[in-house]
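Take a look at the structure set out below.
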Amino acid sequence: MSARGAEAAPGAGSVPVPVPGPAPPPPLFGGCWSCRLLSGAGLLMAAIWVYQGPRSLMKKGIPPSMGAIAQITFAAGEGR
């Protein structure tokens, strides 16, 4: 003897159960911050070392060659 529309719809009031999906893959190399800082600092130091070769020649007054310009360009890209 219930009124029309007074009945609960199926599933009303029930809590939805989340369906577990595939687990995301772990980050490459574990996401270690000290490793990132060490490798980043190493790349910057390598860029400075590559840049210093042609720069020291230019300080002596020797005009840069195409190889020196290429080396400076490479160092700028490596340090980026």
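Placed from the backbone N, Cα and C atoms, the Cβ positions cover glycine too.
Curation plays no part in TrEMBL annotations; they are all automatic predictions.
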Region 'Disordered' per TrEMBL - which of 1-20, 21-40: 1-20
Tally of DSSP helical, extended and coil residues in the domain 'Distal membrane-arm assembly complex protein 1-like' (31-77): 40 helix, 0 strand, 7 coil
